[in-house]
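Peer 1: Pasting in a structure now, in structure tokens, and then I'll have a few things to ask.
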Amino acid sequence: MQSWRPVWQASHDNARWSVFASHCDRLAALARDGELDEVETAIAPLVDLLTALRQPGDAEKARVDQLLPGVFAAVRAALSQRARAPERSAGDDTLPLVVLLAKEIAPYHELLAQMVHYGYTFKVFTQFRHGVRYAVMNRAVAVVAELDGTLDEETSAVVTELNRCNLKWFALSPEGSFKVRLQAVRHDAQGFFVAPLTVNTLVDAVDPLAFESKDEPYRVLALDDSPTVLATVERILSQFPNIHMRGLREPSRILETLMDFAPDVLLLDFHMDGCTGLEVARIIRQNKAFESIPIAYLTSETSEEVQQEAMRQGGDDFLTKPISAAQLVNAVVSKAERYRGLRRLMVEDSLTGLFNHVKTKTLLQQTLLLADRQGVPVSYAILDIDHFKQVNDTYGHTTGDKVIKALARFLRQRMRRSDVVGRYGGEEFVVVLFDSTPEDALERVETLRKGFGGIFHQTDQGMFASTFSAGIAHFPAYPTMMELMVAADDALYASKRAGRNRCTLADRSIPD
Ligand code: GH3
Ligand code: MG
């Protein structure tokens, strides 16, 4: 405004115009960087006018006079909006980000409110270009782009940019015709939603992207008494960052190394000094813990008969020397993948992917042993959904399952890596908090309880919220696994008796 007054006073003074023009450029750049859409839109015609200005005069002055009030109004509105809580975002910066590019914000208020309960920062942009820039700068886990039933030119440019930046995007369309789905697929859409978009659908789609298990590298143990063979295997496998290899030359150390390194695949020399690979395989298979670890023999043996006998005795594959890189890597990866899948099946609960009952108890026992050795406290909590039978009775079993899955997802997201989260069965969950005092555990479980109660579950018969009750017991106050479990169970029932939707701490104090 200060630079406009001099122009206004002398509308034929080019120097004054150019100071004013530079101020407008600066404001436009600020608006762009600050994603102040309204300001950017308001100032654009002014910048255009000033850029094209050759012989300024009264007509230009009148036009600027017309445009300026709009710019000021937009700046004022943007400033006051900044002062208030942001209207179009939910969540905080540490949570994974999902960006929605939509024509209007209003239809998504509910989604905005809900996504934060599911552990996401969620932002809606009506200016697609700004949304994309925001998504790129903040490494969004996913972008959802609303289509008008077709991919218009602007949306097409936007998703091309997303693809270029390696961001995953989903199409959201009012209709799901083959034609529009085909368009989306051709633009590398990760998925396709037909409006209206519900929080469950969105979360189910983006969860795998946000919580992609950063799988640890496959561990490969190679037992061979020849340093040359070990070096060759190492040279080949070291080119793959997702494979971690360890070499061993002494067969006598196989069991302790298996225990310590826990490989996903064992490469076993067929002929060694002092024993054969077959004998080593039999020793390994006699241990329950290693009865299903994949074994691939490294051998120069080409006799089919010998190979068949080796397979019969617990081998899974033969890699003939000289080892080919492709053959080795294929064998290692395919076997490791299958073995991991198998182990996962054995420890996971199929509905939720959390640890199952047996595995949770094993992990609890291990955690207590470790805590005892290190002298750190452990808290153990049992969570049970309140009136879950009513949920099933009112909304059906499938909705009941969704509530269980929602709680599982919620727990997984909110827990630390060192914590154990398991489903004990039914609507009962367990969390084991390593290095956690009773006060810390109570605070964390209370936060979970309140957060879960804020989630709305959508059904055809409307939305509802669900709660859980919890009981927490503490190690070493309850020094054995049995005592700990019984105490937490009693505390849970105290919560239920006291009216549900609360946490109770088992109250035995810690011995001196
Ligand atoms: P409370 O507040 O006392 O815990 O009451 P509640 O209704 O939650 O407890 P109750 O033990 O009476 O009922 C639990 C119900 O959970 C009964 C069972 O049919 C149901 N259930 C158990 N496992 C599953 C499951 O995997 N999926 C679904 N949908 N329901 C399950
Ligand atoms: Mg229950």
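A Cβ is built for glycine as well, from the same backbone N, Cα and C atoms used for every other residue.
Remember, TrEMBL labels are computer predictions, not curated facts.
Model, not experiment: these values are computed from the prediction.
What TrEMBL lists as domain 'Response regulatory' is 219-336. TrEMBL lists Asp269 with the feature 4-aspartylphosphate. Marked as domain 'GGDEF' by TrEMBL: 376-508.
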Peer 1: Using a Cβ cut-off under 8 Å and a sequence separation of 6 or more, which residues in the same chain sit near Asp269 (4-aspartylphosphate)?
Peer 2: Leu223, Asp224, Asp225, Ser226, Val229, Gly277, Tyr297, Leu298, Thr299
Peer 1: Take the domain 'Response regulatory' (219-336) and average the pLDDT across it for me.
Peer 2: 89
Peer 1: May I have the DSSP-based helix, strand and coil counts for the residues of the domain 'GGDEF' (376-508)?
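Peer 2: Helix/strand/coil tally for the domain 'GGDEF' (376-508): 59 helix, 40 strand, 34 coil.
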Peer 1: With DSSP, how much of the domain 'Response regulatory' (219-336) is helix, how much strand and how much coil, in residues?
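Peer 2: Secondary-structure composition of the domain 'Response regulatory' (219-336): 55 helix, 27 strand, 36 coil.
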